[in-house]
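Novice: Below is the structure I would like to discuss, written out as structure tokens.
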Amino acid sequence: MEFLKILEDIYNEALQQPKTGQVATSMPELALINPDKFGLHLVTLNGENYAVGNADEKFSIQSISKALTVALAFSKLGEAIWERVGVEPSGNPFNSLVQLEYEKGIPRNPFINAGALVIADILVSELKNPKQDFLTFIREISSHETIDFNLEVAKSERQTGFRNIALANFLKSFGNIKNDVDEVLDFYFHQCSLEMTCKELAHSFYFFANEGKTKSGKQVLNKSQVKRLNAIMQTCGFYDESGEFTYKVGLPGKSGIGGGIVALYPKNFVIASWSPRLNEKGNSELGMFALERFTTITEMSIF
Ligand code: GLN
């Protein structure tokens, strides 16, 4: 298939779309990004790479990091992580607190903020130097040594993170945060501040498409574990728009409020997009459009 031509056509089509979405305003670093940046990167499992637009510019991956933290936690503890976080779609916004009280501090899934905070707590317990070890893991699975946290973003996350601070304390009151709340939040704020290009993002998610094995041959998770995390991405990766993404795109994936989306077709490819204008659910407007066009044109969706 002529992937480059397909990406170029989608890119040109996307530029004609109405620009109704708004960049995230929760932090100055995100609010100041040029809203019209747009990039796509595709990596196939036979090692081909195709890119268009601003695919080599770093952006804040934000909640996309939640798929990588849960992968690391799952590789350390296996099924035991599901005692502390569920695998059900929440149907609520990513930063919602409402379900936590009647579900006794067990978040619905690892991709809403409450669930990601529990996963962060697990990693703080399991890793010797949590932030550094997580970074080493990301660099290793992606084979990109320059991937790093943006410390200014991490600081802003802290300064503006009142809801996350509330969530972490609420979880602690149920006993579902074992470590010091501030330490867990510090880890979470750093994971959200990770910056990647579309290319780095696509490479980081390669193992999800490749039965748990990275591009360089490291087995991160076994086949069954990767099948399970892909299933959770499919059902929960886009918060209360997960049904819509499944309906339109038909691939497991994960989004972040920095405007990134990564989606994958097991045993075939990983595609990453970046466009900072978000719809009202917090997902990249053009990213959703581009990925819908991609699976429609190529007829490559898991459905
Ligand atoms: N840092 C953001 C938060 O914790 C991430 C949200 C997102 O990308 N959906 O609220």
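Along the chain as shown, the residues are counted starting at 1.
Each Cβ is built from the backbone N, Cα and C atoms, and glycine gets one as well.
The substrate binding site annotation in TrEMBL covers S63, N113, E157, N164, Y188, Y239.
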Novice: Enumerate same-chain residues with a sequence separation of six or more from S63 (substrate binding site) and a Cβ-Cβ distance below 8 A; give 'none' if the list is empty.
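Specialist: Listed in sequence order, they are F94, F111, N113, A116, C192, K254, S255, G256, I257.
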Novice: Which residues does E157 (substrate binding site) neighbour through Cβ under 8 Å, counting only same-chain ones at least six apart?
Specialist: M27, N164, Y188, F189, C192, S193
Novice: So which of S63, N113, Y188, listed as binding-site residues, have a Cβ under 6 Å from an atom of ligand 1?
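Specialist: Among the binding-site residues listed, those whose Cβ sits under 6 Å from ligand 1 are S63, N113.
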Novice: Within 10 Å of the Cβ of Y239 (substrate binding site), how many other Cβ atoms are there?
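Specialist: Summing over all protein chains shown, Y239 (substrate binding site) has 24 other Cβ atoms within 10 Å.
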Novice: So how far apart do the substrate binders S63, N113, E157, N164, Y188, Y239 get, largest Cα to Cα in Å?
Specialist: 20
